[in-house]
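Participant: In case it's useful when we look at the structure, here is the feature table from TrEMBL:
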TRANSMEM  20-40  transmembrane segment
TRANSMEM  72-89  transmembrane segment
TRANSMEM  101-123  transmembrane segment
TRANSMEM  135-156  transmembrane segment
TRANSMEM  168-185  transmembrane segment
TRANSMEM  191-209  transmembrane segment
TRANSMEM  221-239  transmembrane segment
TRANSMEM  251-271  transmembrane segment
Amino acid sequence: MANDQSLREQFRGNVDSNLIRDILLFFVLPSLILIAIYLYPGSEQALEYEARNPTVVGIIGSNLAHRNISHIQSNIIGYWILGGASLLLMRVSGSAAIYRYAFVAYILILPFFASWTILQIFSDSPDILSRFESVGFSQTVGAVTGFLPIAIAYYYSELTGDTRCIQVSLGLFVLGFAVAFYSLGEVNNTVILLGVLGVAGLLYMSYQLVQSPETLAEPGLPFLGGSVVLYLYGLLLLFPPSAPGGIYGHMAGYVWGYLLPAVGIAVKTGYDELRS
């Protein structure tokens, strides 16, 4: 009993209160909101919007509405895996605030950019446009996949001292396009294998972070490799066999999920350099 109590005390002492707050605010709470919206009668119809005549409430709300249990389930699981990896990497790099700001942007700003992008691409295809009346949390899952190149670049910078985070992340982002289009519409054992490896790596990273925040960077290369595996998993997961509308919706989330924080980081970096 005494041993169990000491283990609990050690666990509480090692877990950063900010980490608990981040998990509650950026993972548990959004998941509960998504489930509550799905279970509430009529919520889907209330939050959907007409693709050719969208409203502010519809654009933001449609990102939270789901039409079936498999859709919401896959989105929540995907977000916890890919968003969790991003947050862990940014925490180790001492830049968790960037992820927090990015998440808020993904909920309040990204849907407008994604909606505009889809409207431009499919302006002459009303049958495809109608599929975006309820996009679900897929855009956000695509966005955190787009954020992973930034998180990996920051972690790489922490390990090597290389400060070219934007350049490294841009290279990974472009590589992601190549992977996505190469495997477009393909779901096979590769995705399953990457998913298993990625989840195992994420769980081990979480365990290491609980033991001591400093241990996550040791050894660095396996964690860096595991993060890249998760990134590939996210890319392959975003582009399953489906109608073009779904694929382009995920792509819009991926692109703007990278561009919004990347531009914000570049602007802030430039501003700080001017001030100094």
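The backbone N, Cα and C atoms fix where each Cβ goes, glycine too.
Just so you know, TrEMBL annotations never went through curation; they're auto-generated.
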Participant: Out of 20-40, 72-89, 101-123, 135-156, which stretch touches the transmembrane segment (221-239) the most, going by CB pairs under 8 Å?
Facilitator: 135-156
Participant: Which stretch, 20-40, 72-89, 101-123, tops the Cβ pairs under 8 Å count with the transmembrane segment (251-271)?
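Facilitator: Top-ranked stretch among 20-40, 72-89, 101-123: 101-123.
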